Amino acid sequence: MKSPTPSRPQKMALIPACIFLCFAALSVQAEETSVTPQPPDILLGPLFNDVQNAKLFPDQKTFADAVPNSDPLMILADYRMQQNQSGFDLRHFVNVNFTLPKEGEKYVPPEGQSLREHIDGLWPVLTRATENTEKWDSLLPLPEPYVVPGGRFREVYYWDSYFTMLGLAESGHWDKVADMVANFAHEIDTYGHIPNGNRSYYLSRSQPPFFALMVELLAQHEGDAALKQYLPQMQKEYAYWMDGVENLQAGQQEKRVVKLQDGTLLNRYWDDRDTPRPESWVEDIATAKSNPNRPATEIYRDLRSAAASGWDFSSRWMDNPQQLNTLRTTSIVPVDLNSLMFKMEKILARASKAAGDNAMANQYETLANARQKGIEKYLWNDQQGWYADYDLKSHKVRNQLTAAALFPLYVNAAAKDRASKMATATKTHLLQPGGLNTTSVKSGQQWDAPNGWAPLQWVATEGLQNYGQKEVAMDISWHFLTNVQNTYDREKKLVEKYDVSATGTGGGGGEYPLQDGFGWTNGVTLKMLDLICPKEQPCDNVPATRPLSESTTQPLKQKEAEPTP
């Protein structure tokens with residue numbers, strides 16, 4: 001494949017089509033060479049629906065993770081025969097025919113552990129191995145051990161894992177980093193993409209695409225050999241995200257790809273199914289029923305696609321932040337996703353060059369440059385002075401500021417003057433006493449105020465540092481770390497999310513109770529500890545006063561959350 005010559009710029013437009021046609025076969029090949037495991041709602045049909053609607057378990061994920069003790073077809077036949085008999089007990093039937101997931105063991109850390117010691121001690125506790133699984137298990141086998149988030153999350157999750165891996169690398173566990181990269185490469189080769197998590201019911205969607213960044217992280221330890229080794233899988237994942245682009249007309253969308261009227265190619269989140277999520281079955285049905293003016297399948301797809309975004313759920317996806325049934329994830333072009341796609345294209349260019357394919361490297365660079373222009377044109381709100389999502393229905397950029405706006409800075413896709421404006425907007429609207437707010441809207445959803453999440457703290461910190469905005473970056477890290485430390489001092493655990501309106505409180509909202517563990521919080525905490533403390537004086541706990549600053553940080557007053565975006 002030849003790269004275009006500088007003297008013939010009109011050929012540049014052909015490059016994306018050439019790449020997409022060449023790699024379209026990669027995802028198809030992966031799909032054709034594997035038998036896709038069926039999720040429990042399909043395997044068990046009416047039995048699954050009846051069990052979930054009966055609310056036998058406080059958490060709908062419990063039965064989704066239950067393992068049939070025999071062929072599901074035989075269990076279903078027995079159910080149909082017995083269900084109308086006198087004295088039939090559904091709970092007893094489930095207990096006889098299924099092995100329920102074990103409750104997570106409560107980890108009690110040794111007395112007197114520092115924050116760093118606690119995290120280092122958790123890595124083996126959170127490590128799982130499932131080289132083989134039961135035939136009808138919803139859990140998908142993986143060849144190498146992996147680290148799970150913790151709590152109800154008994155499987156590996158895609159985007160969580162990148163931030164967990166940052167911590168593993170910080171702890172010197174490069175073998176575990178390599179194992180997890182190998183697992184994700186295995187999933188790409190087996191299923192054509194990395195699913196939301198290694199469960200059959202997650203196969204219809206992916207999550208924020210961090211695989212290329214995982215390979216780049218591994219390359220810090222193994223050099224270009226890692227980039228060359230995993231180039232085929234990175235190409236396959238890119239083909240998955242761009243699937244359908246070759247036949248797309250201006251103004252159309254296909255699965256995860258969007259082609260705007262001027263030909264700009266961007267991406268959105270998408271789930272291939274439009275049914276209730278097995279792990280949140282009753283909740284999804286209730287959400288769809290609460291808005292009879294919309295087709296239920298449309299709401300289900302948007303709920304699933306929000307889960308694919310990792311932000312399940314947020315006012316970011318909703319017309320009315322107080323009504324989940326107004327979410328329309330698939331008609332929104334996310335700024336964070338397209339920043340990650342830009343980074344994927346840049347890493348593919350680097351890996352192609354490392355493999356000696358300069359022509360392909362040039363083509364990926366061209367794609368990255370085109371996407372960067374698209375981000376600057378469509379995902380910047382000039383009136384507000386921040387990056388934001390693009391609305392496919394109104395054909396304009398949205399007004400809401402969210403922590404996702406820091407992603408262009410994280411991947412070095414932002415213009416310098418805009419990065420400066422983002423620093424101001426972040427400090428003015430999102431920074432709180434306990435860290436960075438996810439949004440400034442209080443909706444009751446977990447990806448809204450007053451919750452702060454570890455991955456978004458790190459993206460903001462790194463992104464602002466990339467553009468010389470070190471004071472704001474340090475403010476975010478310092479306030480979040482203080483929150484983590486205060487919570488740990490009181491409860492001896494790290495949690496999934498934090499209330500950033502104060503310090504020392506776990507977050508709330510969402511579909512399930514607060515989870516501890518917690519993979520990505522552990523990883524980001526280690527990275528931040530090593531960021532704020534000098535290398536010659538590493539710290540095991542958060543210092544009482546902020547290091548690396550001419551003065552200690554002044555306490556932040558809590559900002560009032562806005563009622564609407």
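Cβ coordinates are placed from backbone N, Cα and C, and glycine is handled just like the others.
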TODO: Name the residue range among 269-295, 539-565 that Swiss-Prot annotates as region 'Disordered'.
DONE: 539-565
- [ ] Look at each of the binding-site residues, P278, G310, and point out the one with the fewest other Cβ atoms around it within 10 Å.
- [x] G310
Task: D312 (active site, proton donor/acceptor) to P278 (substrate binding site) - Cα separation in whole Å - done: 15
TODO: Return one of helix, strand or coil for D160 (substrate binding site), based on DSSP.
DONE: helix
Open item on the list: Measuring Cα to Cα, how many Å separate G310 (substrate binding site) from E496 (active site, proton donor/acceptor)?
Closed with: 13
Open item on the list: Fewest other C-beta atoms within 10 angstroms of its own C-beta: which of the binding-site residues R152, R205 fits that?
Closed with: R152
